[in-house]
Every structure is written in C-alpha cells, then in structure tokens.
Ligand code: NAP
C-alpha cells in the first residue's frame, strides 16, 4: 500500500541533486512511490524559479495535485522548506491533519489576429507584455470599458504570490496571497501633458477582468512566468483570476509579512 505518488523536479545545482537523493530515500522509507508522470504530490527542489517550472510541468492536473517547495538556498515565497529539513518534511507529509492552503492563479487569454479562438495560459507569478523596440501603445479596458491609453515600455499583470517578483521591481504593491485579486503595474509609462495614464498600480477584483488591446500587432513580447511567447499577430490579451488554484501540501504557516521582511529588508 502506497502513501502517495510523488514527482520531484529539481534545478541543476549540486545541492539540489544531493537533496533529491536523500528525499527519495526518506519517501520510500515512508511508503511513498516516485512517479514523475501521474503524481499526487509534486516537490520542487531549488529556488522559487524551480518551483515555477514544476508548476508549469503539472499545471494541467491542478485539481488533484498538491505542491511543495524545498529551497536549497534562502527561504523563498513558494519554497517553505529548506534542504536540511527533509526528515521533518516527510513526516509532515504523512500527517493527514496538516492544514493545506491554496492560492489564486492568473487566467491569460491571448487573442491572435488571424485566429478566432484565443489561446489560454495560466500564470502563477505574472504575465507581461512589452514592445521590443518602440513605444508600446495599448488601450486598457476594465470590464470591457476603456480605462486608459497606455504608452511606454509595457505592462505587468501579476497574481498576489507573484507580487513579490517582477511586479515589485516595477513599483507594484506587495499583496498578501490570501487576497483573491490581481494587479496591473506599468513598466516605464510615458506621462506628460499629451500622454496620460493613471501612473500607479491598480488591484483588480476577482469578479472583474482586464483587456489590453494593442494598437499595432507586431513586435510584441509576451511572458508568462518563465516562458516567452513571440508572435507577430497579437490583437489583445485578457486577464482574470483563474477558476483553478494552486494547492500546497505540508504547508508551514509563516507570517507572510515576516517572509517579505526576511527577503527584502533583513534586520532593522
Ligand atoms: P528566475 O531566475 O527563475 O527568477 C528570478 C528571481 O526572481 C530569482 O531570484 C527568483 O528566486 C525570484 N522569484 C521568482 N518568483 C518569485 C516570487 N514569487 N517572489 C519573489 N521572488 C521570486 O528568472 P526567470 O526564469 O527569468 O523568470 C522567473 C520569474 O523571475 C518571473 O516570473 C519574474 O517574476 C521574475 N523576474 C524578475 C525580474 C525583475 O525583478 N527585474 C526580471 C526577470 C524575471 P529564486 O532565486 O528563489 O529562484
């Protein structure tokens, strides 16, 4: 009788391979099976970036998979465990009373000029749209109503858990991940007497949706977390909170703001 099927995704660091070896042996002792194709639990070993890869590898099975992240360096935002805590991690995993937690994801629909059906993506951190060479001009609609005409480098749309990643670097707010909402942040907007945008990040509720309509349809780069979509014929991109959520296993409660302080401020 198996306790559950576990897939392990690790980065290329030596310490991650060592942690993986130890984890496999502990999991087998605790009667778990290693199954890279059809797991109930996915464990990433590396950093938050590795966790993003693990998420996308299994994003089509979110309804029955629980995720867990082990960090081989400092603590991360998706990685609750450190590589020297593997015994405790495995014993926590077997404790069925452990609380689980889930967080919102971003539903991204890219509409191409020559295709009637939009293509759908899921983001756990963010999606960005940027113009590679010239000023990006785009109309921003909230619930199909024109909100502003944006001119600048690009726009970032992030989840609450992604708010501490790229979003933060472009001046977005850090959002507590229990807030079921998403955020639009500008990337170097042009603001003067002629061109005007709100100029500050906005938080959009889970009952609303956002559409970015591009003025011209060439030369845009769209990113979804770690991936880049290059396509000349993008007409618009729509965003909303996804119906799917990411579920975590062996969740260890850490005060979110303490984690933010740890990551960005340190001792005061
Ligand atoms: P990556 O190496 O996987 O990640 C870049 C950095 O972002 C790493 O230090 C990573 O932490 C950290 N990170 C990832 N998700 C985070 C989160 N939710 N909160 C706080 N930090 C987080 O780079 P990549 O493959 O190019 O892109 C992956 C992600 O990196 C993107 O989704 C984007 O958010 C972020 N990124 C940020 C910038 C920026 O801030 N200017 C630029 C490019 C990309 P670990 O070291 O723990 O992996």
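For all residues, glycine too, the Cβ spot is worked out from N, Cα and C.
Bear in mind that TrEMBL entries carry predicted annotations, made automatically and left uncurated.
The annotation NAD(+) binding site is assigned in TrEMBL to 48, 49, 125, 126, 151, 153, 164, 165, 166, 167, 168, 169, 188. The 10 Å shell around the Cβ of residue 164 (NAD(+) binding site) contains 23 further Cβ atoms across the protein chains shown.
Annotated active site, proton acceptor per TrEMBL: 48, in sequence order. Taking all protein chains in view, 23 other C-beta atoms sit within 10 angstroms of the C-beta of residue 48 (NAD(+) binding site).
Neighbour density at the Cβ, taken as the number of other Cβ atoms within 10 Å, is lowest among the binding-site residues 125, 151, 166, 168, 188 for 188. In this structure, residue 125 (NAD(+) binding site) belongs to neither helix nor strand by DSSP; it is coil. In the three-state DSSP assignment, the secondary structure recorded for residue 168 (NAD(+) binding site) is helix. According to DSSP, residue 151 (NAD(+) binding site) is assigned to a strand segment.
In this structure, 48, 125, 164 are the binding-site residues from 48, 125, 151, 164 whose C-beta falls under 6 Å of some atom of ligand 1.
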